[in-house]
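What follows is a single structure, written as structure tokens, with notes after it.
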């Protein structure tokens, strides 16, 4: 199975797999059962921003999800990613719908990682930024139902021709270049990621959510991972 570390923006509470009984953000380490969650007031039809930070000195993974009106949610969890992830990874965005649905639209996405080496004082860095997504976006690996180019956005899950969200959909987008996330001689490995998103639904319960994830470089969508598994995990263990 793939090795996944993720920050989930979970719009639908699946209490049977340990979710709190409200929309939340969470940190997932190799399991959809979040290690830490925080209540999140998801604003239907409003553009939000997610900012994710990790620094190997503090070994803390943190995320803030906010809206223009100042409403925000924060979650953090202490984890040594050297012990969890392979040295080379890919970073991506994933989203699903299930019985209930929502649009999982990404308007922008940026990422920066840095490795400061002990021996050479060199910094190995990777940076990318998408302020819009073209129809033929060559530097993204699209999986499942993900498409680019509609209004310059990335649609992670299926929408109809008039933009209505469809159920039982899963899609992911990964940056094409592998990221050197840690190495034994590095003093500090750090990264930060930011994406802006629009979740819109006419359902009384929008579902299921968006996640920023880091995985082994050959990661693919597990079969049956629509809905509560967020396109990341093969089961709810």
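Cβ from N, Cα, C; glycine included.
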Listed in Swiss-Prot for the Ca(2+) site shared with 10, 12, 14, 19, one of 192, 203, 208:
208
Going by C-alpha positions, which of the binding-site residues (12, 99, 100, 228) is nearest residue 24 (Mn(2+) binding site)?
12
May I have the list of same-chain residues other than 8, 10, 19, 24 whose Cβ is within 8 Å of the Cβ centroid of the recorded Mn(2+) site, in sequence order?
9, 11, 12, 13, 14, 20, 23, 25, 26, 34, 37, 40, 209
Can you tell which of 24, 228 has the most other C-beta atoms within 10 Å, given these are the binding-site residues?
24
Listed binding-site residues among 8, 99, 100, 228 whose Cα sits within 10 Å of residue 14 (Ca(2+) binding site):
228
Lowest local Cβ density among 8, 10, 19, 208, which the record lists as binding-site residues, within 10 Å:
19
Distance, residue 12 (Ca(2+) binding site) to residue 228 (carbohydrate binding site) (CA atoms, angstrom):
8
